[in-house]
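Visitor: Pulled these from TrEMBL:
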type: DOMAIN; residues: 68-95; note: domain 'C2H2-type'
type: DOMAIN; residues: 125-153; note: domain 'C2H2-type'
type: REGION; residues: 151-170; note: region 'Disordered'
type: COMPBIAS; residues: 155-170; note: compositional bias 'Low complexity'
type: REGION; residues: 182-214; note: region 'Disordered'
type: COMPBIAS; residues: 182-197; note: compositional bias 'Low complexity'
type: COMPBIAS; residues: 198-214; note: compositional bias 'Pro residues'
Amino acid sequence: MLECLWRGCPVGCVQSDLANHVMSHAAKLESGDSLACQWRGCKRSEKPFLYRYQLQQHAALHANELQHACVHCGKRFNTEAYLRRHLESHQLPEERRHACSVCGKRFAHSADKSRCERGHRGQLHNCRHCGKAFKDPGNLRKHRKRWHADEPLDATSGGSAATNATSPSVTAVATAAAETAAAATPLRLAPSQSAPTAQPPPPPPAQHPPPPHT
């Protein structure tokens, strides 16, 4: 038996086809009646629809909600697939199908098992400033940026002075290359300056004849 929660329903329960039964309530509304949903607990009870067919489609959704109910807790779902997934959460640990290959812990859903295995594979990443540990290096970077942005980086956190320091040999090569480039660059003068005029060489000294012999 499926219970109809429409206010004022004279039947209360139907054997099957609850969706058509619920939509019949909307079809029987008279002209001028409110097109608000009369399903108990529905939020649209205070917000009427504009057209009758909208109310009928909405009422059918309530019927589908009642077709897939959990036998353990009474929670209801729109599809059988959602109900099966929910039923797995009621299983005992030894009945759950998905077991972590590292610690053996069992889960109802494969996504939870995969998350557990990733936690075992990844090493903990410790913050060098405060010691807090993270499984995901991305979370460590976010933590450092938020809490230690003004503190100097170290070798393990990336961008350290030891990693970024330039070796003496590299510095020497760079200096020599800069000097060579400066020597090869022609001299550029300002517009107000002129190139120096070449001066002629000085004349040779005058030749005097030797004095006569006596």
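In case you wondered, yes, glycine gets a Cβ from its N, Cα and C as well.
No curator has checked TrEMBL annotations; they are predicted automatically.
How buried are the listed features, and what sits near them?
Guide: Averaged across the domain 'C2H2-type' (68-95), the predicted model reaches a pLDDT of 78.
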Visitor: Give the residue counts of the domain 'C2H2-type' (125-153) per reduced DSSP state, in the order helix, strand, coil.
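Guide: Its residues fall into 11 helix, 4 strand, 14 coil.
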Visitor: From the DSSP assignment alone, can you count helix, strand and coil residues within the domain 'C2H2-type' (68-95)?
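Guide: Result for the domain 'C2H2-type' (68-95), in helix, strand, coil order: 12 helix, 4 strand, 12 coil.
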